[in-house]
């Protein structure tokens, strides 16, 4: 080893593949990085002489191994590595140098001298023999320890000594009696491993086995293994590697394996491991077996009685361990999830080697592949390249010969790029240099231009004072005017010396005018004005800023802290430069605090206060004589804003605060203005239950304007400060909507929880109905207190599990909030919030109601009303209620409280003296509503006014004209009638009276009146002699009841208004008073006007013990309304109903004597796909009238037509008319009048069927002088005249339906048909003229042969050979041939099938709605011989899927098919599919396009599977068709087919094992003859079945299925014709033919014969063409003659 400078660690790394293979042979897993770390860094620190370069010295290896395996402070993760080191030293491979091998041998034979061991210390605790094995039972008894061996055996190192039985080690050393021992107490290196089964002496026989003794695992080992490894579900590789190493190194027993399974795995994981292990039990042939006896023998679930001191016992234990490890690996396999692997991306600062380890770990966790195997190297390499950092990825993708690079080579290349990356400082320096260089390039042209300008100025200034001459003689220069130059101290004005001209006393000084100089002409000019400066505190430091409104950003000269990454280019007078921005800085201005980022410009003369900060501070600059002054904006004005539905509050007069300050002092903790937000302390957190199958929904936040975001920010911040909102991370998200409060610029946050409300379970709403809430308030209680709870919903806590449902996005960069927020209290907008709060508050206030019966407490969600008969009771009750609310944690709004008053406002009502009034604010709201212009505005008006309908008598009558305008489907036209109704409602609202509160101790009286289809009434109670109104009721009757007689409409009105009155009376006695004898009508109802169900409903409501009817009265309060004022006289309702029942008083239903008798009937049936109908009239001997009716006429309609025609033909006569139609009979006698009275409308307000025929019948019924319409049974066999006449009418109806004479209309009587009179003699044409006439007629109509023949027959022309001429003309029409469809009738042929199963398959894709795992296609294979079907769900419809299923499913189970049939889909014609067929020798037959009948068997199976899946989904309630597919296949494979055999029986020769199959054959030899007999019989049965089916499938005599021959001209069908495009194209020349398809010239694919038809013969003589001319109104028609004709 010393000659080649190689070390043991370098040798192992250079031959790492061999080392890893050796580790696999030892059933352990090692990694290269950890191998190097443990050898060079970890083991040298143990202090046993391990060198950093490694060693093969067994003494040192065993010393390290002892520390690794020790009980306390051991290293379980290093066990596989030291075991492999030991194996390398004991069994050195060839690449270990000879010197190392010699050193090993010499080292193993040389005893190591050790220090004498010190005498053992006395134990602290007494020795205990019982070992705690957790919850596992005691292991089976093992033989006692044998005496110490006389000579050392070859176990452990050769020089190691066997341990003395009196000196226990292993797990016993970890017990309390051995815990003080030190590993260093041993005299030499110890090779013993702490094993559950360890050798205790020499074998008893020379060639016997070494006896073993059981040493259980210690609790510390189990705890370390449990805590130092991740769970099996998170990372199966960790525990799998641990147990593999334990199985090899510790040799655990069956009990130890169960203990490890129980400690290290969960119940579900343990069951999965055991199940997978039992699947991997090997049989005698070395393959996994399914025999239960062999499985139980090799892998028992109960404790076996194995003797581990025998060879058989040890062999069984070895098999058990191997099987358990195989089950562990099988359970560790996870479904392939490559998406998780693709999510592993290299971090910005992550080394490539670490990234590769993470990537390979992801492959192990999320795929069943081994990333270190050779087969997966390419996939791992591609993932490593594709998921690396962008710069590394770019470099690796440009490598040449990338396919030849290994993973190690790729990591090396990636490391080069990684280490060449620039640091953050280098990057900033580079960016700075680039910015400077960019700035220099930009300023270079400017500097050039500036240089030119300066040069021009200098040259211009120099040329102004020069002369053209004397350029070289400077001494001779003189002024231009010839005056001598002045001396230095000479005055230019007076020429005296001693002063200058500006100081000359002789010069007259002119007073300068005070003007404002706009330029200073180069001088300093006037003194500048004082500049406005302010001092602000930035991060605690006062800084004086110069206010500069021209600066866009505020500037600091020093950063005063950290500088952010943001940079800005500043353009100045000397050029541009890049300057940084600071991070957020805190500014204090008086009581305000603002955070702001400043631009740092060191060259700036002073800090600047720019427009950005001035705007944020709302600064104001004022200029005065003292100088400019800067002031900061005041606080925003606060406005009170109400909801839209509470707009009436804007018109309410301010209620003077009646709260005595003593109330605020007595109860300081209940008022929201003082105590803050409340919290219900006795209500548990609310748990929101989701619907079954609900999945998280994330709705993106809507765009929000800056103004709106700034408006709702204070509200969000307030809730954050109070803890009502908290940050969160949730898969749920709903948008936040800023709603602007009307009349102000303030916004409030409203969360759109509609998607959440859809996915949350509904609960029954228990919120009281405000309509009848005040009914429980006694009128004698006239002292009231009204309390309004503040932030009511926020008083209830929301369970933490339900809080993520209500998350929303919120970003506030100034406060540092970015992400999601959610509510910790019950949110507003949640559909169940009112019900949940109402129930919680009701439960909390239940004790108060029980302890205070002297007051009445009404609760509507968060609005409370306390009522009492006296002031003292009201005051005491209010005080106790406030105390109770304070104790419960609720808060009351002091501003809205109304305490101990006689007049209060509650729920929009004014309560006073036991009555309720409409508040003036509500009236003002309705009065200020403008005239509606849209249907929605009409609905809003009716909704707002409808709230006050109890105070408006006859509201439904007043609003009736407006209801049609609420529909969006009709045009909105506002007429005078609508305006009057609109004004009348407002006028009635102004005069609304006071309504008395219902007194439940007194009876009620309900006055009813019905006018114009509207039920009106007034509910009253008596007060002395007066009747006080409680409520005015009105409602519109339904369309059916509106058509009844007046008496019956009164019954419907009573039933309708009694329902509304019950909401106020709460089930008290009610007396009904009307102007009709209602009780007699209800008890003896007419059977012709209403159905039994409706009458039963009315009787259940009205014939009640609490409802009584008073005698009819002429005057009642309901008639005081502004309608007809005439009094209705008292009448007899039975007489009026009798008069209004029929349409004709003398109409009889019994035959009249001595008058003619007619029989009518109607028939309707379907023939040739069309519904035909006919109607006749017979008199018993002959047909009076008969006609066919238009196609699609029903039998009921035909009956009405026949009866109407009979009545018309009998005009002015006496007649008996029989009909067997109950529909026609009832319409004539009863229903017709009812239909007409109600406007021929159904109960839903729609037109009834056969409306026109019913009106015609009602008109015709008055035409005869006397008439009797009698009903007779149909289809009678008797010989009486009625039965005979009915049968003749039925036969005549069928004959009339098949006739060609169609009744044009049914509203006018039909005259009897008279034979046509021959007026003129027909004219005969020659054959040529006749053919020309037919040709011209066909060009005008383009009719077919039959219709054209009928048309010609109606003319007065005689044409020879008419039929042949018509056929010839129609067959030669080119337009008809290109457009008309053709029906082909051919003999049914036989499809080609296989001669045995698995030979001929048909395959097809069918699309189904998306199912589980994204499967939305079904790939169906069907064996044409047996009908056996195979179906596979797929995500895509590709050729790879087809090939995969053929190779993996069809070939292994059925063999290589000879023929595959499919359509021309892309997945079947692809090169991959056809190439596979070629390689396997499969004849892949592609069917003709647009001919699904060619794949009829698989297409029919597609339909069968879909229908079966639909039925199974309806039966089981399941929605995933993938789960139901096996059941559908089971039904398809076991459904009898054409021969009465199922596909299963044809394929396997016997019935499916669904039912009990009789005796089973065992493995005993006695059953071999029986088994042989069964097999022989099976072969015979299957052969007979196959031969019979094969004989049936043989093709018969070959017939010509189509008439097309080679050389024919044919037309080909267009399968997708466009608008106004011919159905056929062509003509084409036939080139080749088969029995079913034709090959034509010009089309590449074969065309099925059903898609062809013969081309018409073209006219050989001439053709016409249409040409366009230059004139826009002219066209040129040109005739061209065929050249061949010439």
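Positions of Cβ are set from backbone N, Cα and C atoms, glycine also.
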Which range of 116-119, 120-123, 124-127, 128-131 is motif 'PTAP/PSAP motif', per Swiss-Prot: 116-119
Recorded Mg(2+) 2 site member, picked from 1148, 1199, 1211, that accompanies 1161, 1220 in Swiss-Prot: 1199
Candidate sharing the Mg(2+) 1 site with 862, 863 (per Swiss-Prot), from 788, 791, 812, 844: 788
Least buried by Cβ count (within 10 Å) of the binding-site residues 1161, 1290: 1290
Secondary structure composition of the domain 'Peptidase A2' (543-613) [DSSP: H/G/I, E/B, coil]: 3 helix, 39 strand, 29 coil
DSSP-derived helix, strand and coil totals, residue by residue, for the compositional bias 'Basic and acidic residues' (419-442): 20 helix, 0 strand, 4 coil
Coarse DSSP state, helix versus strand versus coil, of residue 1161 (Mg(2+) 3 binding site): coil
